[in-house]
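Student: Quick paste of what Swiss-Prot says about this protein:
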- 64-99: region 'Disordered' (REGION)
- 111-175: region 'Disordered' (REGION)
- 129-141: DNA-binding region (DNA_BIND)
- 227-373: domain 'YDG' (DOMAIN)
- 454-516: domain 'Pre-SET' (DOMAIN)
- Cys458, Cys461, Cys466, Cys471: Zn(2+) 1 binding site (BINDING)
- Cys458, Cys473, Cys498, Cys502: Zn(2+) 2 binding site (BINDING)
- Cys466, Cys498, Cys504, Cys508: Zn(2+) 3 binding site (BINDING)
- 519-660: domain 'SET' (DOMAIN)
- Cys529, Gly530, Trp531, Asp562, Tyr564, Arg614, Asn617, His618: S-adenosyl-L-methionine binding site (BINDING)
- Cys620, Cys681, Cys683, Cys688: Zn(2+) 4 binding site (BINDING)
- 677-693: domain 'Post-SET' (DOMAIN)
Amino acid sequence: MDKSIPIKAIPVACVRPDLVDDVTKNTSTIPTMVSPVLTNMPSATSPLLMVPPLRTIWPSNKEWYDGDAGPSSTGPIKREASDNTNDTAHNTFAPPPEMVIPLITIRPSDDSSNYSCDAGAGPSTGPVKRGRGRPKGSKNSTPTEPKKPKVYDPNSLKVTSRGNFDSEITEAETETGNQEIVDSVMMRFDAVRRRLCQINHPEDILTTASGNCTKMGVKTNTRRRIGAVPGIHVGDIFYYWGEMCLVGLHKSNYGGIDFFTAAESAVEGHAAMCVVTAGQYDGETEGLDTLIYSGQGGTDVYGNARDQEMKGGNLALEASVSKGNDVRVVRGVIHPHENNQKIYIYDGMYLVSKFWTVTGKSGFKEFRFKLVRKPNQPPAYAIWKTVENLRNHDLIDSRQGFILEDLSFGAELLRVPLVNEVDEDDKTIPEDFDYIPSQCHSGMMTHEFHFDRQSLGCQNCRHQPCMHQNCTCVQRNGDLLPYHNNILVCRKPLIYECGGSCPCPDHCPTRLVQTGLKLHLEVFKTRNCGWGLRSWDPIRAGTFICEFAGLRKTKEEVEEDDDYLFDTSKIYQRFRWNYEPELLLEDSWEQVSEFINLPTQVLISAKEKGNVGRFMNHSCSPNVFWQPIEYENRGDVYLLIGLFAMKHIPPMTELTYDYGVSCVERSEEDEVLLYKGKKTCLCGSVKCRGSFT
């Protein structure tokens, strides 16, 4: 945790002066990346928010299947024979997903003079009017007949025209983006994808999500360019080919070589812009800083082998040899835990040093191109190979700065190493605390939620996983499962998991946060903020990372110097993570609420007892958010705090979430918002507000 240093309040205008005029903006629409802050306690003003969304990515050809959603029920989309042997779009197969609709749709007033509490830092979408009768998802609802799942027309969710939809991305931002716009596009695409997974869309999910976003103007960096792409950083990862297309990293939907068209070449000159490796073609080899890339083509329309020709992408790569221009390289790798899932790693700028021809295994001519990585770039593919060796060869104790093999001492299913690469001679371990893998139940019972104990437990599931709408636990989640393949589908005011009275098995899809770590996490020493937490594994947006475990406290019990305190009453920066109904031709009132309004303040201290969650530091631009989880055990109801990935997170990236601030005030002189926290923030984000807690 960040070191505690008393500080003075910092005006918000010092951080983002452009935001001050937007305080009264209607937050029911989607900001590009800015929206007001939330808190439990009303205040006289409404603060601004400065939180980036998340990144998301996917592929766009016949093999566009969603690893989260499973294969299309209609089978692959046929396309014409390609000259491109480097078509690296991937297949991903998994069962179709489910998703969530909120039970508690408590939403703040549009009155900008009031703040509202946002547990995970989520925006309100305005009040939702409902007719009289039992609220949707009511705990005492007893359906008289089995519910039938809604059947969707595959064409009813496909956008044909933009209409009056405002993507809030200007023409200039569409052509040339920035970090904020790229994050927004990736987040919004993935939210649509998750929604399509939830309803088991019968056609290709990724193609539908991509097409809708493109037609509705949710895209950026459409101008083709040589060199760096604004808003995209070396080391960024993408789970789907088409994500790279939406944010302008790789514009070719099918080919592994992206190059200027004939018309563009007349202006820019013929050259290659980006290549994506597949790691599966003859003669293609990959070193940490070099790449031998196979040319494209080599088959006719019937799939028969033939000589590759010096045209298209091959001609562009040849031109880049003499031109000496930068070429972006994206490495396609197999997911470490899902053999049918690919991940794409942006590895930075390369130069095409030479090319030659060989006779391939088919007996026909093939081209080879050698690309060399430019120096002084952050490591990307090299980090992937390092953690791959750690996972596969168990080299923990031989690592630089190794201190302890397992900080949990066997309490977790996966070991939690402790390393200090900042000072290898310092073998000090974190201060004394008892490691607990999950929340201590004592004091965590949610007496505030008065459940009918006779209705607890999904008795009608009969020892089968909860997969149908007649399950009482599914009904509490709005008739849809909250997770799919261990991925959170929507943020909600509260998520209900199966508990002790439920006869469903331990592998039930609604039992996630209770079942412990599923990622290879490690605790490491940071340069400025003490101990931190990171993962060996790539993390997809929505992935459960860990629980924040500790002891439930009252205000009176909290110690002044407790740096390991989780507090739901803080003011959190808001961001939008759930999908926009308009991007799927749904009514705006169907928006799933992200506003969290717990009936009482929740304080959890991990100072004396805790798990890896206690080592997750604060950031004003976090990559993790928190979500309240409720479950029942032996007739009592308990509240847990789950920490989930906000966006795709590359391996060995520090995991951070927003700790919140104590209050936000408006200065009397110039109406500038002031964020007041007790500790100086050292997160280093461009949107750092200067303080926290």
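Using the three backbone atoms N, Cα and C, a Cβ is placed for every residue, glycine included.
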Student: When the pLDDT values for the domain 'Post-SET' (677-693) are averaged, what is the result?
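Tutor: The predicted confidence over the domain 'Post-SET' (677-693), as a mean pLDDT, is 91.
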Student: For Cys508 (Zn(2+) 3 binding site), just count the other CB atoms lying within 10 A of its CB, please.
Tutor: 23
Student: Please report the number of other Cβ atoms within 10 Å of the Cβ of Asn617 (S-adenosyl-L-methionine binding site).
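Tutor: Here the count is 23.
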Student: Out of Arg614, His618, which of these binding-site residues shows the lowest number of other CB atoms within 10 Å of its CB?
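Tutor: Counting other Cβ atoms within 10 Å of each of the binding-site residues Arg614, His618 gives the minimum at His618.
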Student: Give me the largest Cα to Cα distance among Cys529, Gly530, Trp531, Asp562, Tyr564, Arg614, Asn617, His618, the residues the record lists as binding S-adenosyl-L-methionine, in Å as a whole number.
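Tutor: Site span for S-adenosyl-L-methionine, by Cα atoms: 15 Å.
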Student: Using DSSP, what's the helix, strand and coil tally for the domain 'Post-SET' (677-693)?
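Tutor: Within the domain 'Post-SET' (677-693) the tally stands at 0 helix, 4 strand, 13 coil.
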Student: Using the centroid of the Cβ atoms of Cys620, Cys681, Cys683, Cys688 as reference, list every other same-chain residue with Cβ within 8 Å of it (recorded Zn(2+) 4 site), in sequence order.
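Tutor: Apart from the listed residues, the neighbours are His618, Ser619, Ser621, Leu682, Gly684, Ser685, Lys687, Arg689, Gly690, Phe692.
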Student: If you measure C-alpha to C-alpha, which of Cys502, Cys504, Trp531, Asn617, His618 (binding-site residues) come within 10 angstroms of Cys461 (Zn(2+) 1 binding site)?
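Tutor: Those close enough are Cys502, Cys504.
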Student: Excluding near sequence neighbours, so keeping only residues 6 or more apart in the same chain, what lies with its CB under 8 A of Cys504 (Zn(2+) 3 binding site)?
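Tutor: Set apart from Cys504 (Zn(2+) 3 binding site) by at least 6 residues yet with Cβ under 8 Å, we have Cys458, Cys461, His463, Gln464, Pro465, Cys466, Cys473, Cys498, Thr510, Arg511.
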Student: So how many of the residues in the domain 'SET' (519-660) end up helix, strand or coil by DSSP?
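Tutor: Looking at the domain 'SET' (519-660) with DSSP, the answer is 11 helix, 55 strand, 76 coil.
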Student: What is the interatomic distance between the Cα atoms of Cys681 (Zn(2+) 4 binding site) and His618 (S-adenosyl-L-methionine binding site), given in whole Å?
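Tutor: With the alpha carbons as reference points, the distance is 8 Å.
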Student: DSSP secondary structure for Cys473 (Zn(2+) 2 binding site), reduced to helix/strand/coil, please.
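Tutor: Assignment for Cys473 (Zn(2+) 2 binding site) reads helix.
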Student: Translate the DSSP assignment of Cys461 (Zn(2+) 1 binding site) into the three-state scheme.
Tutor: helix
